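Annotated features, as they stand in TrEMBL:
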- Arg25: active site (ACT_SITE)
- Asn43: active site (ACT_SITE)
- 10-98: domain 'Acylphosphatase-like' (DOMAIN)
- 207-392: domain 'YrdC-like' (DOMAIN)
Amino acid sequence: MAHSQNGRITADIEIRGVVQGVGFRPFVARLANRHGLTGFVKNESGHVVIRALGPEKAVRRFLDELAEKPPAGARIDSIEKELSAPSQPEEGGFVIAGSGRSDFSRAMISPDIAVCEDCLREMTTPGDPRYLNPFISCVACGPRFTIIDALPYDRETTVMSDFDMCPLCRSQYHDPADRRCHAQTVCCNGCGPVLRYEGRGEAPVEADAVARAVAALKSGGIVAVKGIGGYHFACSPYDGGAVGKLRELKGREDKPFAVMFPAPEDILSCCRVSDAEKELLLSPARPIVLLNRARGDFAESVCGASRFLGAFLPYTPLQYLLLRETGPLVMTSANVSSLPIIKDDGEMRAFFKRNALLDGVLTHNRRILRRLDDSVATVVNGKIQLLRRARGYVPLPVEIAALQGCPPLLACGAQQKSAALMTAGPLCYPTTEMGDLDSVEAMDFYRETVRDMAALFHLKPAYAVCDMHPDYAAARYARETGLPVIEVQHHFAHIASVMAEHDIREPVIGVAFDGTGYGTDGTVWGGEFLIASPGGFKRAGHLKAVKLLGSDDSVKHNWKTAACYMADAGIGHAPCSEREKLVRAALGNNINTIRSSSMGRVFDAVSAMLGICGESTYEGQGAIELENAAAAYRLSPEEDAGPLPYGIRRGGGAFIADLAPCLRAIVAERDTGAETGLLALRFHLTIAGLIADMCTRLREEHGITKVCLSGGVFQNRVLLEKTGPLLASEGFEVFLNEKVPPNDGGIALGQAYAAGHRIMNSNGEGTAHVRGGIRQID
């Protein structure tokens, strides 16, 4: 109990969480003044410090409201307070003091926040000082992570230090009663960044910049639009010629484009939207949300035959100004496929000069410090699943209680959809996803991002954690750091990422399905059933390993993968084409072959067998189009939608699942005229049934009822919608990734979780000791 003096006390408070860049200090000042308190609030590196003096009852009411009613966008993780008798005279009022720079531990920075309704109302009100201002913002919205240079979050540590405030903005900035009090991005039509447009063969102009861009878009042009974390390429989704030109510009042959809509009601005109999906669309993160298509007049080239459309809403004032004139727009990252998004003005000018397919550039002079793509998410069985964690989510940490006390780690991620992660005690800071690390540019982006994360949060890792694959670029980077390296097996890291999210510390059945991953035996894995705990795993089951061709481009040729699986299953001993004969000859003579237990490759093979996708122009296309066929099929009452046959046997101490009977049945029914969509659906039901069957057998042996599903194959909505309820009906408790993606973009979290457990429970084992899929190399 605090000792009061004449009924008055002092409260010294430290608040940690997302409390910078969200209007927290003005909120505290208004609350303190309302309760008649004196003192101060200030940013202190990565948290907020408060001293409040006044009557004890008023101070305690202030503390209660502080915890119960934080401002929108804030997240309070901890409040530490010390109550004492006043140690100094109570003079003046309650003020916002200058920031300090003492303790960066557990620092958090707000992600970029979509423009709020209050700002939109002002922007569309004639006579308002921010009428039609493309940079309008307040304490509740606007860019954050992409413009901050260093903590604490103050104007002088952001790119807004490039712009002097006018008297109006300065007055509002210092007024605790104003919602722009200490809004570091504040500006108006009299100050701040300036918009300009440059058309093909024209000089850049500031006047009517938005109108000029709108005219170009309406006439079938492609315009680069500067956003929060980089540029977008925009064009009309109704104009097939424009979309085709955009595909040529990006080198993106088939992969569907996302569409930005002016308002939620516009999305309802062409998609089915659940309440959960609408809430996600309107969330401050404003991700691209994969929705079921219902109808629409878009050009077929926007997303082909896909049953899903990536839809999102404007999140910057500039996007609102554009779309209220143009209607929906294809909005895609401004890059050539596989290269990082363009963020710098000079880089865009050079791109514009050498690419005649681009018709104009709508840009401004507010710098972007960090490349950040749009996040992508979906809703499956009522739960959000992130497919790409980027704008709106980065740099928020994922808190893993089990890592409390662990030395700081750098988890380097994987080769595809690469995202690294750094830890500070229980706080895990995932980077944005950086794509596939197959180019010099991508690897430069990776190094730049890791260095920036370490510098911004003052992180100094003691260990580097990576995949066991010897040729992954991220693994090479780990070895280049000079830190002790811990390797974590790929599929174990997938399962560990789910365990970390849900704070599971006891053994689980882990089902890890993806396209490829380096196994502890040196072969390619990808259809794995693991008995996993934080300290390691046992490979308790897997798909039968099949001999595949191992050339770098073989994953693009689904027909080739299908030929390998058909040969293994004894289908079609007299190939009807010369290319199939060549494949079988290579298999028979072991020319550049590998053995793989990958589930992802089985999906590719079935897609080709059914004539859906024989050649892939982007990663996962065969499986995605197979899923589309299954999702689109509508059963009639007399049709058999039961699972297809498969086999399970014991071998080498594990259950081995054989899908050869399933593949033989698919080909036989295909050849007798069965509907392609029906067979696609039955294949998905078969895999769901196989998962439940294997998990049931493992439960009987090990007594485990918790199941974790992860890996790129579990991005498949049809498969998840069938598998989750089936497992639940069999008495299993099912866990999925929710805070990081199930694909390789989330694998760094699992690497950190497994490595952290190894470090904190080490028994002094020697260098290069391998235990349960974890290897330490000092």
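Backbone N, Cα and C define each Cβ position, glycine as well.
Rounded to the nearest whole angstrom, the C-alpha distance between Arg25 (active site) and Asn43 (active site) is 8. Broken down by DSSP into helix, strand and coil, the domain 'Acylphosphatase-like' (10-98) contains 24 helix, 38 strand, 27 coil. Its Cβ placed at the centre, Asn43 (active site) has 25 other Cβ atoms within 10 Å. Residue density at Arg25 (active site): 26 other Cβ atoms are found within 10 A of its Cβ, drawing on all protein chains shown.
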